[in-house]
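These notes are about the structure you will find just below.
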Amino acid sequence: MVSRIKDSLARQIRVPTQGLMGWLTTQILKSKNGVLEKNAVRLSDIQPHHNVLEVGFGPGIGLQHAAKIVKDGPGKVCGVEISTYMLEKASSRLRRPIHDMKMELTFASVENLPFGTDRFDRVYHCNTYYFWPSMQDGLNEIYRVMKPGAFMVTTLNIHSIKAAQSRGLLKYGNPDPVNYMCALELTGFKDVKMEYYREGNQSYQAIFAYLPVKPALPVDELEEEDMQAAASDTSDASSAPNSDLPPKTNPSKS
């Protein structure tokens, strides 16, 4: 019985659904993630003209803080969430900025973001990366929608994560922050670092990832394209009848 309850709660933490366990999970998220959400917004240094994205917004606590910053400027806050229950809760909480067209909440996965390329100045998320089905696919999509010069903030509480792991509540996630930071660097983010903070009696961590410049295509596509171009150039040069290159000579054999 206890194991079934733990398994149900572990599933709800990943994707909350409507019902008693979903309600309980929502209360846990409000209690545990409130400080993380507020400080993710603060550390993102959001300005009124910024376009902002939160990935996995839960009950909408962080969105509420971000909306206050952009409400009098040309910026806008967007959020994606894979839980229809959380989308419903956050939409109810944030009716005003949604009505004022300062916020857009969407049912979508991080692996398939419904936004154009180079859209966002700031991206943040709290305790979500370890639930993504494919961390690399998710980061590739975030990279795509971020503008050059943008940066992303990830807040987490390593102590709480370890406690949840020991209770079997993160069995459907991979919360290793080192793995996440390595994936950020492989994706093309720069100056990836973790910093430690405290608010009151609660400590937490923030992972920063910057995107100072951005190639026209993802790095892997660029490398493939460069190789194809080099192969094409070599082929063209060797077959051109009027090539300016000196004729090839065979090295003498010893």
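Placement of Cβ uses the backbone N, Cα and C atoms for every residue, glycine included.
Those TrEMBL annotations? Automatic predictions, nothing curated.
Database features (TrEMBL):
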{"type": "COMPBIAS", "residues": "229-243", "note": "compositional bias 'Low complexity'"}
{"type": "DOMAIN", "residues": "53-153", "note": "domain 'Methyltransferase type 11'"}
{"type": "REGION", "residues": "221-254", "note": "region 'Disordered'"}
Quiz item: Across the domain 'Methyltransferase type 11' (53-153), what is the average pLDDT of the model, as a whole number?
Solution: 96
Quiz item: Which residue counts does DSSP give the domain 'Methyltransferase type 11' (53-153) for helix, strand and coil?
Solution: 42 helix, 29 strand, 30 coil
